[in-house]
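Features of the protein shown, as given by TrEMBL:
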| type | residues | note |
| --- | --- | --- |
| DOMAIN | B:1-108 | domain 'Thioredoxin' |
| SITE | B:ASP25 | site 'Deprotonates C-terminal active site Cys' |
| ACT_SITE | B:CYS31 | active site, nucleophile |
| DISULFID | B:CYS31-B:CYS34 | disulfide bond |
| SITE | B:SER32 | site 'Contributes to redox potential value' |
| SITE | B:PRO33 | site 'Contributes to redox potential value' |
| ACT_SITE | B:CYS34 | active site, nucleophile |
Amino acid sequence: MREEFAVKPKEGEPWDVVIIGSGPASLTAAIYTTRGAASTLILAGEKWGGQLMLTTQVDNYPGFPDGIQGPILMMAMRKQAVRFGAEFIEKDVEEVNFLSNPFELFVNRKKYLAKTVIIATGAKTRWLSVPGEERLLGRGVSSCAPCDAPLFKNKRVAVIGGGDSAMEEALVLVKYASSVTIIHRRNEFRASAAMQSRVKNNPKMKIIWDSAVKEIIGEQKLEKLKIWNLKTSQESEIEVDGVFVAIGHSPSTEIFKDKVDLDEKGYVKVFDHTKTSVEGVFVAGDVHDVNYRQAVTAAGFGCMAAFEVIRYLDKNTTVVKNS
Amino acid sequence: MATFSVEDHDFDEKVLKNKIPVLVDFWAPWCSPCRMAEPILEELSDEYENRVVIVKVNVDENKNSSSKYSVLSIPTTVLFKEGKEVGRQIGFAGKVAYENLIKKATVG
């Protein structure tokens, strides 16, 4: 059922808010802006839904006592945003102009106008950047266990990383693979206690501490990894059929370079919880959040940005009367 | 023309011996990015009718074809022209990426 509170702008007129991205931050913001009667356009990207589209069961999002599948959660959020009148376009933003008033956003040679913008583009997989990785991507190198795990039935795989997402990858893979070797550069995991104990209690899991991948080797497909111990500098090789990279994420901010202030790692610099260096351009979620990076915190940031958008619009909209 | 399924036994005939370039979508029902790609490939199969054929290979049921082409990540779309691989897209990357891939066999 659709319940719309805002009138969509006519051709050539600006949207009250354009939200770039389509993860929990974006869609939560859209639920609040549409219910706040702001006309809302979501430029979702061709790969919409964000990181949760690449997960299986999500057990830490409140309200789902038995867990929920990541993609199903995102489809539900999308439906909820659209229910209140958000326009959802599955296209990538190629360029932004934050110097003009209204702001301009370019999508496939089409220009959209916006009184305010929320940047909620999230973050993407950080790769190892070692020789062989790019060439063997999809030929044994992957970053999405829920997508690819069944293809490694009875095969040997490695997971690189030590956080929650590395544990999740390992736990998905262990259902199929004959062995899962986790390679981590430190001697302890960063992951939550719950995830760690599930990994450590599984007899098919092996852990190699203090080590990193130096090279990914294979002709047509992955054959082995060259790894080295960071403490002893000793090199060794392990034979695997798959390697899953889960060493973290980097913010998706390429199109915002020189448009808003970014920090040295590329995250959007945030002021006052939701604001960027440009007045009227707000930010929410993993694209600025280096600390928490959870679905629920992203959703919370989205809500906060939406509130500030509504306040900003109220303050800056002068009523124009037709003479 | 809509997309259609190809299996191990007719891969040679439907893909490699096809006079028209063939885009093969290696997929599985449990893979959510594959499901995102589905409507887009359907659209493209209409837009590029007579210039490219788009077929789907279920990797669970057709292990020979997927292992022959070293498909270890899905969705993987492989473009064949005159029986030879001329391009490959790993993962779902949106319509533009698929169009750029198709153009490798249809332009020039």
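A Cβ is built for glycine as well, from the same backbone N, Cα and C atoms used for every other residue.
Note that the structure is a prediction, hence the values are computed from the model and not measured.
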Between B:CYS31 (active site, nucleophile) and B:ASP25 (site 'Deprotonates C-terminal active site Cys'): CA-CA distance (Å): 12
Count of other CB atoms lying within 10 Å of the CB belonging to B:PRO33 (site 'Contributes to redox potential value'): 22
Other CB atoms, at most 10 A from the CB of B:ASP25 (site 'Deprotonates C-terminal active site Cys'): 24
Cβ atoms near B:SER32 (site 'Contributes to redox potential value') (within 10 Å, other residues, all chains): 23
Residue distribution over DSSP helix, strand and coil in the domain 'Thioredoxin' (B:1-108): 43 helix, 27 strand, 38 coil
For B:CYS34 (disulfide bond), nearby residues of its own chain (Cβ under 8 Å, 6 or more apart in sequence): B:ASP25, B:TRP27, B:ALA28, B:ILE74, B:PRO75, B:PHE92
Under 8 Å by Cβ from B:CYS31 (active site, nucleophile), counting only residues of that chain that are 6 or more apart: B:ILE74, B:PRO75
